[in-house]
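J.: Structure below; questions to follow.
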């Protein structure tokens with residue numbers, strides 16, 4: 001078993017060795033969370049971002065979008081919670097692996113753009129293509145920023161008490177939620193899509209790590225019930241806002257309800273007991289979770305085209321969409337296995 005452990009987002013960040021390392025329940029959460037990302041990126045381009053205008057013209061479709069989004073909006077938060085729970089240990093080799101994976105999939109996307117019709121509208125020249133793909137995906141830049149400050153966050157988590165850490169998190173989210181989500185006037189938080197916001201979620205993961213004794217008292221189905229209640233609350237709030245003619249979406253990652261929903265789903269998976277017979281299968285897919293994100297966002301036009309085709313199938317559209325999402329997931333994992341082989345071969349040269 002490689003000592004280089006997956007983080008919430010990629011199979012290449014070495015994390016601190018806690019007893020839960022390689023816990024199959026959280027590895028399964030990686031897989032589920034990444035599939036949720038695919039669902040989000042399928043649903044919004046097809047039906048559009050819910051607005052009052054769309055609600056008035058097609059309330060049924062908008063309602064379905066809101067229901068789906070309310071359940072899967074936790075995906076990014078869960079990734080970072082896993083990283084915070086295990087803790088990231090900064091190593092040059094793991095950082096090189098991270099950068100290699102990002103650049104590898106940009107290269108795959110560039111090659112694909114030469115053959116896929118829907119990807120022809122790309123910057124001319126491979127250098128321009130690389131720079132554009134590297135700098136325009138917010139999560140990649142945000143996660144790299146989180147990776148850089150992780151040692152500082154880990155030092156803070158290790159030195160403060162549970163109460164002090166919880167107090168800081170409450171102050172942090174009180175300010176960031178008000179400025180970055182309610183007023184939306186702070187570019188530093190970018191409505192939750194920034195490395196600053198990811199840092200806050202990382203600290204929550206660290207708090208959960210320090211609260212193991214308390215978590216033992218929580219039954220998994222209580223946590224899952226909390227997840228369901230939060231999703232229903234988000235759906236109800238969003239539908240009520242549209243009914244009242246208000247366009248402010250509650251589905252932001254800085255929304256306290258979304259944060260609680262994310263923690264509830266995380267705790268549910270944390271409490272699950274999974275047989276070791278599933279170990280190899282789960283780790284096979286979870287170790288390439290970040291690859292699923294990279295591939296589909298780097299060939300986003302093609303992904304959207306496939307999803308649109310599947311959605312428009314008159315009969316069995318649900319199964320066609322499901323087949324497309326599973327197919328993209330499997331393809332990404334297989335391509336990442338080639339990336340892993342390539343990186344190991346490259347490391348053997350040095």
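From the backbone N, Cα and C atoms, a Cβ is placed for every residue, glycine too.
Just so you know, TrEMBL annotations are computer predictions that nobody has curated.
Relevant sequence annotations retrieved from TrEMBL are reproduced here:
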TRANSMEM  23-42  transmembrane segment
DOMAIN    25-334  domain 'Acyltransferase 3'
TRANSMEM  62-86  transmembrane segment
TRANSMEM  98-117  transmembrane segment
TRANSMEM  137-158  transmembrane segment
TRANSMEM  165-183  transmembrane segment
TRANSMEM  189-209  transmembrane segment
TRANSMEM  221-240  transmembrane segment
TRANSMEM  252-270  transmembrane segment
TRANSMEM  282-301  transmembrane segment
TRANSMEM  316-335  transmembrane segment
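Help me see these features in their spatial surroundings.
T.: Beyond its flanks by at least six residues, the transmembrane segment (62-86) meets 5, 7-9, 13, 15-16, 18, 20-21, 26, 29-30, 32-34, 36-37, 39-40, 43-44, 47-48, 50, 54-55, 139, 146, 150, 153, 198, 201-209, 227, 231-232, 234-235, 238-239, 242, 251, 253, 258-259, 261-263, 265-266, 270 of its own chain at Cβ-Cβ distances under 8 Å.
With a cut-off of 8 Å between Cβ atoms, the residues of this chain six or more beyond the transmembrane segment (137-158) that come close are 9, 13, 16, 76, 80, 83-84, 87-90, 95, 98, 102, 165, 190, 193-199, 202-203, 206-207, 209-210, 293, 297-298.
Beyond the transmembrane segment (189-209), the same-chain residues lying 6 or more positions past its ends with a Cβ under 8 Å from any Cβ of the stretch are 18, 76-77, 80-87, 138-139, 141-146, 149-150, 153-154, 156-157, 162, 165-166, 168-169, 172-173, 176, 179-181, 215, 252-254, 259, 262-263, 266-267, 270.
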J.: Give residue numbers and ranges for long-range contacts of the transmembrane segment (221-240): same chain, 6 or more residues beyond its ends, CB-CB under 8 A.
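T.: For the transmembrane segment (221-240), the far contacts come to 50, 63, 66-67, 70-71, 73-74, 249-251, 255, 257-258, 260-261, 264-265, 267-268, 271.
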